[in-house]
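Below is a structure I'd like to ask you about.
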Amino acid sequence: MYRLVFSQVLRRLDAEAVHHLTVRALTLLSVLPLVKRLLHKALAPHDPALRVSAFGVHFPGPLGLAAGFDKDAACAEGAAALGFGHVEVGTITAHGQPGNPRPRLFRLVGERAVINRMGFNNAGAAAAARRLRRVRGVPVVVGVNIGKTKVVPESGATADYVASARRLAPLADYLVVNVSSPNTPGLRDLQAVSLLRPLLTAVKEVADGTPRRTPLLVKIAPDLADEDVDAVADLALELGLDGVIATNTTIRHGGETGGLSGRPLKGRSLEVLRRLRARVGDRITLVSVGGVEDVDDVWERLLAGATLVQGYTGWVYGGPLWASTIHRQLSRRVRRHGFTSITEVIGRTAPQARTAPEARTAPEARTAPGAGTAPGATR
Ligand SMILES: Cc1cc2nc3c(=O)[nH]c(=O)nc-3n(C[C@H](O)[C@H](O)[C@H](O)COP(=O)(O)O)c2cc1C
């Protein structure tokens with residue numbers, strides 16, 4: 001049904017117009033308590049076998065909505081009612097900004113991909129904080145993804161991220177430092193460890209200072225060289241971060257200027273996940289995103305060591321029931337394989353972690369492969 005609506009109607013409309021329509025529909029859903037609750041009852045994951053704990057937060061299922069869809073934290077409840085186990089809102093910047101000129105969002109239907117150069121269009125941290133403060137009518141895990149305001153120079157980046165973190169960390173179930181979007185000039189340079197260390201240290205101080213200690217993750221690009229992936233992984237361990245999200249969109253493509261997401265990103269995203277897992281084992285949470293299209297992809301990411309999986313482009317092509325269907329299929333698959341919990345799947349096919357220099361003494365480094373427990377869960 002959705003395939004028909006997509007091919008006959010949606011794909012003929014401007015991609016960003018459809019995006020705004022969808023956000024509006026989900027925002028409306030977010031303020032209709034009865035419909036929201038009914039949908040949540042029908043579509044959200046309720047199977048105890050799908051529950052995952054990571055960094056002390058309990059997720060009803062492993063598949064969440066990646067950052068970039070709900071940039072202004074307007075419709076997380078609506079997305080949760082459609083079956084996502086968590087919603088990562090943002091990227092939110094300290095100051096509101098319009099983003100890049102339109103057109104800035106392009107579908108590559110034949111490749112099941114999207115190119116975007118949105119440029120962090122959002123109303124800013126203060127507006128997002130007001131929205132996040134609203135009472136939640138259905139249970140929803142909300143991650144908050146923060147980035148640098150475009151007009152702020154690199155020298156002011158840390159202060160800019162800290163300003164967002166101060167406003168948003170107390171309202172987030174977890175906080176993400178995004179240094180990997182390709183559409184803010186210079187942003188990805190912040191992935192260099194020499195710049196990333198002071199940035200993450202300062203944001204972590206803010207996140208650690210909230211009443212519940214907000215877990216902190218960093219989101220990285222698929223275009224990092226392998227050694228740089230290792231370097232960020234080692235830094236995350238050294239600083240005591242809660243996790244790494246891999247990956248953002250890639251600029252390695254021959255199309256429109258912008259970041260490419262969807263099916264063509266699948267291979268590299270999985271490769272980065274495997275590399276990270278080999279480096280950090282289960283000492284920090286890995287969140288895998290990039291080219292996830294169906295239950296097989298989610299399963300593969302879990303086996304490779306991701307505790308949580310996210311998708312965006314797969315949902316664009318898969319339709320409104322995408323997340324709900326995948327969670328239902330995961331429930332069946334867990335039982336078919338003789339597991340009682342999805343957490344037993346995590347890292348099953350991952351090789352043992354190579355010990356990073358900073359963490360040689362950590363006892364978890366010797367955990368056997370396939371131990372399969374979700375990391376964290378200490379709060
Ligand atoms: C239109 C669009 C906007 C995005 N905006 C953001 C963003 O603001 N912040 C961010 O961290 N990632 C953003 N992303 C990247 C996604 O979160 C995700 O990392 C990437 O698309 C790969 O996943 P996918 O193949 O499932 O789409 C965006 C992706 C798309 C398609």
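Backbone N, Cα and C atoms are what each Cβ position is placed from, and that goes for glycine too.
Nobody curates TrEMBL annotations by hand; they come from automatic prediction.
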Given that TrEMBL lists Ala67, Gly68, Phe69, Asp70, Lys71, Thr91, Asn145, Asn178, Lys219, Gly262, Gly291, Tyr312, Thr313 as binding FMN, which residue among Thr201, Thr247, Thr340, Thr343 does it place in the same site?
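TrEMBL lists Ala67, Gly68, Phe69, Asp70, Lys71, Thr91, Asn145, Asn178, Lys219, Gly262, Gly291, Tyr312, Thr313 binding FMN, and from Thr201, Thr247, Thr340, Thr343 it also lists Thr247.
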Over all pairs in Lys71, Asn116, Arg117, Met118, Gly119, Phe120, Asn178, Asn183, Asn248, Thr249, the listed substrate binding residues, work out the largest Cα-Cα distance in Å.
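Roughly 16 Å, rounded to the nearest whole number.
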Tell me, what is the mean pLDDT of the domain 'Dihydroorotate dehydrogenase catalytic' (50-332)?
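Taking every residue of the domain 'Dihydroorotate dehydrogenase catalytic' (50-332) together, the mean pLDDT is 95.
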For Arg117 (substrate binding site), name the DSSP secondary structure in the helix/strand/coil scheme.
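In three-state terms, Arg117 (substrate binding site) counts as coil.
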Might you list, by sequence position, any residue in that chain lying six or more from Asn248 (substrate binding site) with a Cβ less than 8 Å away from its Cβ?
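Correct list: Asn178, Ser180, Ser181, Pro182, Lys219, Ile220, Ala221, Pro222, Gly259, Val289, Gly290.
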